[in-house]
C-alpha cells in the first residue's frame, strides 16, 4: 500500500484511515471523488472496502487481475473486491475460520455486481475439477435465476434486488467449493400487483412474454403485448434500454438446465407466472354488496394454469369462510374484498414460488460437509418509506450494531495481542434504536402485533394512535403532535418519524396493518392446497390448512429471521463491502457530493473511520516496515542482521519519531498520525533516487562481471570444444591417411590385376594422374605425334582410343591451318601415293619435296611463256625440261614439256621455240617402269622429276587407268612402225645409252 502514497495528491489515499483530518466528512468525500475521477472505485477504511459504482465497464476483473490478487496480502495490493475475497478465502482455507462478507448499500450502488465478482473470484482461484466445476457452475448460474424472479427495474437501478439474500458457500478440506445454501428474506411481494411510475414488475414476467417462443405462449394463453396485463402497471413502457429480456430469458433457461430443474418443474413455474398475469386481469362488479366476476372465462384460464378447480377458485374469490368454535360461516365478499383477495392470492403465490425456488436451488447445491465461507448480499429498498422500508432500516440498524461490535472487538483483540494498552472508544451505540423497534412488549413491533390481534376493526389509524401514545416519550420517536412547527409543515398526520443512527426517516402508516397481517383467506389457501401443480402443493401444505394457530405477522417473521442471521454472523469472521452510488442518473462521470454524503452517513462510514482511528492510523509488521524503509538509515541498509523489531526501533529513532507518535507492539509498529507515515514515505521517495543510482551502478557492475565471467566460461568451453574438435578431426585425418596409404599400397600391388575394392581407389588415382601427365605431354602437332606418352596397364584401352582421337584432332587442326597452295600440294602428294606407292622405287625419294609446277630453266623461260600465251585459254598446268630419245638410234634431244589442261606439248627451244608434238591428253597412255628411272611413255622421254610430272598429268586427265607401270626388264615399243627394245638394268652409275645390241639401255640405281 505504501508505494501508492506518492500519488496521493492525484488519486487520493487507498486507505481513508490515513486521512489527516479523519473526522471531516468533506475530506473523506474529496478522497473518494479524486479516486472516482481516475476510475479507481475502491477505497479501504482499514479492512472495510468502500466501492463506488462506476456505471460503466472497467477492465479490472479479468484473469490477469485474478492472478494479481491471488494469495496476496491484503495491504500489498490496491483495494479491490478480489482482495477482500482472497483474504476471506485464505483465512477459511489456511486457518479454518469461517468467514462472512457483508455487502450493503442503497439500491443501484452495485451490491449485486459485487456479489457476482466475489463468486467469480472464488470460481477462478479454485480447482477446475469434475464435481468442483459442476458446483461452481451451479453457484454462478443461481444468480440469473434469482435475479429473474427477485430483481426488478426501479427508478434508481435497472437490476435492483427486491429481496434480502444470504448465500452460504461450503468448501471441502482442499478449499474447493462443494455446495451452498441461500437464505432469502423480505421479498417485496407488493411489487407483483403494483409498481411506481417508471418502474417494472419482477424481470421474469417480461422475460417470459418477450423471450418465450410462440408455442410456449400459446400453451400459457399469453400474448406478447405488455399492455394486456393489469399487473404490469407501465404496460408497453415496460421495455427499457439496457435490459435485454429475450437474451436474459435464454440465460434463465440455460441456468435452470444447469441447476437440474426438470422440464416439468420449469413448465409448472412458467404456468404459475402466467396464471398470476391472468389473475391480475380478473375484474369484479358489485350488486347490493355482493361481488361478481366480470369475465368468468379468465378464471377458467387461471384455474387451468394453477391446476385447480375453476368453481372452487371462483367461489374463493367472491366468498369467505369463517370458522368459529361452534359454527362455520360462509359470507359473500364485496368488490373491495374480492380485489383484496385476488391481490393477496397473487402476492402469496409469487412469494411462496420464490421461497420454493430458493429451496430448490439449495437442494441442488447441497454439499457433503459443513465447512463454510459465507457471502452475504444485503439489499435495501427505496420507495415511499412504508412498511418494507421500516423492515430494511431495522435490518440496517442490526447490521450496524454488529459491525461496530465486531470492529471494536477486532481492534481490541489486535491491541491486546500486540501488548498495546486499549483505551475505550466513544461511539454512538444504536442499541437504543434497536430496542425501540424490537424490545419485547415495549417495542414498535410488539405494538404492531398487538394491534393486529386486537378484536374489533383495527386499521392503520388505530395503529398510529397506539404508537403515538406508547412511544411518544422515546427520544428517537417523533409523532406529528410531538414534532416542532417546522417539522409539522412537512410531516403528515398519517406519518411518524424514527431517528436512526444514519438519520431521521419519516414513515407513512398506510398499509402497515395490511402488509403486517399478510392475510390470505382460508378459502383461497384451501383451493391452492387442492391444486395438482406439484409446486403449488409443495408451498400450500395441507398441515397449514388444518392448523388453528394464527400465523406470525410479517414483521415478526422478519425479526426472527434477522436475529437468527445475527447469531450466524457473530460466529464468523466478517469482511465488509460498502457500496455507494455516485449519482441518481446512472451516469459514469457524475459525482453528486450531497448524495454520497447521505450514503456515507446512512452506511455509518464516518463512525467506522472514527473507531478505526481512535487509536493508531497505521500498523505494519516489523518485517514489512523494515523491508520498505531500511534504506533511511545506514545502520539498517542494505541488510540488517538483528531482529526486525530492533531494526524498526533504529529507523524510528533515526527519523525522529516522538514517543507519542508511535508504539512498538510484539510483532507490529503502530503509528498514531498519518502525517508521520507521510513524512516517512516522502523521505523514502527522495532517498530511493539516490539508491536507484547506486543500485544501477552496482547492478551494471554485477551484470558486467557476470557477463565477463559468462564470456570467459563460454570462451573456455569454446576452446575446449575447439581443441576437442581439432583433435578428433586430426585423428580422423590420420586414420583416413593411414587407410588411404594402406589402400594405395594394396592398390599398387594389384595395379595390373582386375579392379577390386582394394585397388579401385588406386586405379582411379592412377587414371587421374595419367590423364594429368598426358595433358601436359601431348604432342604439339601432327608431325611430332610420336612417340605417344606411355600409360598404366589399366589405361591401355583408353590410351589407344585417345591417341586416335588426338591424332584426328591434330590432323584436323593441321588441315584447317593449310593455305590453298599447301592444300594443293598435299592433294597431289596423296594422288602420287595412290599412283606410285609400292610401285615405283623412286617414289620414296620424292615424298619430302614439294611439287614445282614450272621447272623450265631461266634461259628458256621467256620462250616457254611466249608459247603458252598462244594456247588460247588452254591453261598451262606443268612445264619442265625433258630428254627425248628419238626412234632413229635413240638419239637424245633437249626438249621442253608443257602440260596444259587438254594437251601435252613438246617444244624445242634453240633460240626460238618450235612445237615438236601437241598431243591430246585424254587420248594418251603413259608407261612407266617400276625401277628407279625417269623414263615415260611411247614418246621415250626422260623426265627429271618423273613422279611430279606424272602426278600432275594424272590429276589433269582424272583417269588413273591412263598410267601403266610395267614390271619388266625388257620393254618392246613401236614408234611409227619402227620396232625397238628398252632394257632396264640395275647398276652404277646411272645412265641411258644405246648398247651394242641396238637396244636402249637404262641403268638405274639399286
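Note that Cβ sites are derived from N, Cα and C of the backbone, with glycine treated the same way.
Just so it is clear, the model here is predicted, and its values are computed rather than measured.
Residues or ranges marked as domain 'Myosin motor' by TrEMBL: 12-685. Annotation source TrEMBL lists ATP binding site at 105, 106, 107, 108, 109, 110, 111, 112. Per TrEMBL, region 'Actin-binding' is recorded for 562-584. Look at TrEMBL and you will find 840-1006 tagged as domain 'TH1'.
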Neighbour tally for residue 106 (ATP binding site), based on other Cβ positions within 10 Å of its Cβ: 24
Proximal but sequence-remote residues of the same chain as residue 108 (ATP binding site) (Cβ under 8 Å, at least 6 apart): 53, 154, 156, 157, 160, 581, 584, 586
Surrounding CB atoms that lie within 10 Å of the CB of residue 110 (ATP binding site), all protein chains: 24
The region 'Actin-binding' (562-584): DSSP-derived helix, strand, coil residue counts: 9 helix, 8 strand, 6 coil
Mean predicted confidence [pLDDT] for the domain 'Myosin motor' (12-685): 83
Least surrounded among the binding-site residues, given as 111, 112, when other CB atoms within 10 Å are counted: 112
Cβ neighbours of residue 105 (ATP binding site) where a neighbour is any other Cβ within 10 Å: 24
